[in-house]
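Per TrEMBL, the features are as follows:
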- 73-469: domain 'SLC26A/SulP transporter' (DOMAIN)
- 90-117: transmembrane segment (TRANSMEM)
- 172-194: transmembrane segment (TRANSMEM)
- 247-268: transmembrane segment (TRANSMEM)
- 280-301: transmembrane segment (TRANSMEM)
- 333-357: transmembrane segment (TRANSMEM)
- 369-388: transmembrane segment (TRANSMEM)
- 408-426: transmembrane segment (TRANSMEM)
- 433-450: transmembrane segment (TRANSMEM)
- 470-495: transmembrane segment (TRANSMEM)
Amino acid sequence: MAERRWVGYNVQRQILDEEAVDEMAEKSESKVVLSVILYIFRCSGPRLKSCLLDSIPVLSWLPRYPVKDNALSDLISGISVGVMHLPQGMAYALLAAVPPVFGLYSSFYPVLIYFIFGTSKHISVGTYAVMSVMIGSVTEQLAPESNFMQWDNGTNTSIVDETAMNKERVKVAAAVTFLSGLFQILLGLVRFGFVVTYLSEPLVRGYTTGAAIHVIVSQLKYTFGTNPLRHSGPLSLIYTVLEVSYLIPKTNVGTLVVSVVTIIGLMLAKQLSVYLNKKLPVPIPVELLTIIIATIISWQVGLEQKYGVDVVGDIPSGLQPPVLPDATVLGQVIGNAFALAVVGYGMVISLGRIFALKYGYKVDSNQELIALGLSNSIGGIFQCFAISCSMSRTMVQHSTGGKTQVAGALSAMVILFITLWIGHLFEELPKAVLAAIIYVNLSSMMKQFTDIPALWKTNRVDMLIWVVTFILTLLLNPDLGLAASIGFSMLTVIFRTQLMSQHKVMPCLHTPITTRCTLLLI
């Protein structure tokens, strides 16, 4: 056997002190972090293109836009919807407690942003009554009239500095809109689009009905020409109704007459429009004709000077420069901004899915969150208030042949034209007319009360959710009412789940009396 050789090894190690060891550890950690970053951002060309097209959908569908098939119908639809944006934007600005011209801004900037980032082809985004009244509750709470009272030596009375008040309210509305947009973007980035599944249809319909009552009550001061005190917090709706009732003897007769005549005229004109819809290619722009006629009459008769009818007032031409929101306001509106984010998204995705299912295309729930968030956050920088989609405008866009988001972009161009060149022509428009437009547009929401007997026959727990949501929204205001309603809805799910499991292991006769009553309710 060969003799085993022993090979000598010489191992040399550098002697390190504590400082050298720490330096080597830092270099090792930096290499690990760098490798992780490179892995995350490692992306092939096709995958990068796919990510870009998913994030900016307009790059995907606009190059393939069939001009011959869709251009004319989208043009007609865009003009029709743009005409609707004018009266609705001005009217809903009153709900948000800001000057009417800011409703026009809110019908322009956010609509263009959604055109770029949205995935629904048929919905019409812009001002929406429920969102506007939620904004109004915040602006009037943080910038009440009492903060802007000045003593007038000429009349020996206190008057409101409306210029300063409107400036502050616009600042508050822009801040809460910007923050709600950030919430929506954040929820979209973390793939939180599924949250809408927790907003059941009875909850949404009960909530919108309750919010519609808030909208109507908030406009009573324009109908009667009175100036009731602003109430906020729980039960504020009841206090406001009592205040308006107390001030009825001080009603401005001229304002009341304008309101009644406008409401009757609008209702008759809408019935005529429904009758003629089958014979006309485009719906009659009832609201636009109303504000044109009312403005001309107000200008010729002198409703403000002779009868004290409150009018829209100064409407500046041009667009507002971008302004970052006031950081001091953001901390005070976090809860309101989150409620706006959820409600606005719920409306958009619910209506968007209906049309997507009907026409066979996909609406990305997370991308819709991001699109709506960008619309609100960028709109907030340009002093817009929060937007969502409107059922009435969406139905007009669909009925006039709108097939893609191009119709929405064209409607924004109509608003741009009005804002730049002819907006000042509506300065003599009575605010009572805008309130009348809101009343008539909300009449469809009042029909949702018929849900109660229908749900009683089909699912009584859903009926209970509808009624409780409606009551909570009335009593607690739209923001707190929404949170309480979602909590109650989730409790009913938990209770029904537990009840079903208990019902499997014990006979009904041995269950407590409360459980048996609930079984009968279900």
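Backbone N, Cα and C define each Cβ position, glycine as well.
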Contact set, same chain, for the transmembrane segment (333-357): CB under 8 Å, 6 or more residues outside the stretch: 119-123, 125, 128, 130-131, 134-135, 137-138, 142, 172, 175-177, 179-184, 187, 193, 195-196, 199, 204, 207, 363, 365, 368-369, 372-373, 376, 386-389, 391, 394, 398, 478-479, 482-483
Recorded stretches the transmembrane segment (408-426) and the transmembrane segment (90-117) touching, at least 3 CB pairs under 8 Å: yes
Arithmetic mean of per-residue pLDDT over the domain 'SLC26A/SulP transporter' (73-469): 89
